[in-house]
DNA sequence: AAACCCACCAACCGCGATACA
DNA sequence: GTGTATCGCGGTTGGTGGGTT
């Protein structure tokens, strides 16, 4: 037996969201709050699967989203956090109020990667590209050899990988020399939307 | 002006983790 | 303790718009 589909595909919309769908979703969450994504589409009168609703809300509709260009400070913070955490985009997003994991992931892949490469830094390992033995990193934060080897190999896109990052899923990063006070929490806490 | 290329980003997919019966 | 449903994450895809030839 396989995993059951997350939604009934025959009766769900796909692709770009319409204004009306956005409005419905916003209105529903304002009234009832987040949660129970599975049943939300039906309750909100949306022909979407719960996953899609959740993504749309988190990545686009949430009122506390910052949007707009990333600042230099945000750039540096992302690089720093990535050197420590690897592709743990949700954790990184947790340290950047108003930014989403998807947004940061996209930004990394389109901007920061190139920026680091142009600086001669391997975005996967945060080491100088032609200095394989060096322990110097692009950012001046402490990190261990073990982490350097374990993180960021995803960029090879060879199928053989995807592994290390995934295997470390939800495992706290080993950073004995740093206390970033990492915790899993929504990127930005505001007063609850729903009056309950 | 048209065709092509490229960068960006919203959205989807698959899977592991977690909750719950 | 086990099986199933649901959530949440990271990787990937595809549409679109802007730039270039």
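For all residues, glycine too, the Cβ spot is worked out from N, Cα and C.
Taken from TrEMBL, the feature domain 'HTH myb-type' applies to A:9-61 (among others). When the domain 'HTH myb-type' (A:9-61) is classified with DSSP, helix, strand and coil residues number 34 helix, 0 strand, 19 coil.
The domain 'Myb-like' annotation in TrEMBL covers A:9-61 (among others).
In the predicted model, residues of the domain 'HTH myb-type' (A:62-116) average a pLDDT of 88. The domain 'HTH myb-type' annotation in TrEMBL covers A:62-116 (among others).
Per TrEMBL, the feature domain 'Myb-like' maps to A:62-112 (among others). Applying DSSP to the domain 'Myb-like' (A:62-112) sorts its residues as follows: 32 helix, 0 strand, 19 coil.
Here TrEMBL flags A:146-180 as region 'Disordered'.
For A:146-165, the entry in TrEMBL reads compositional bias 'Basic and acidic residues'.
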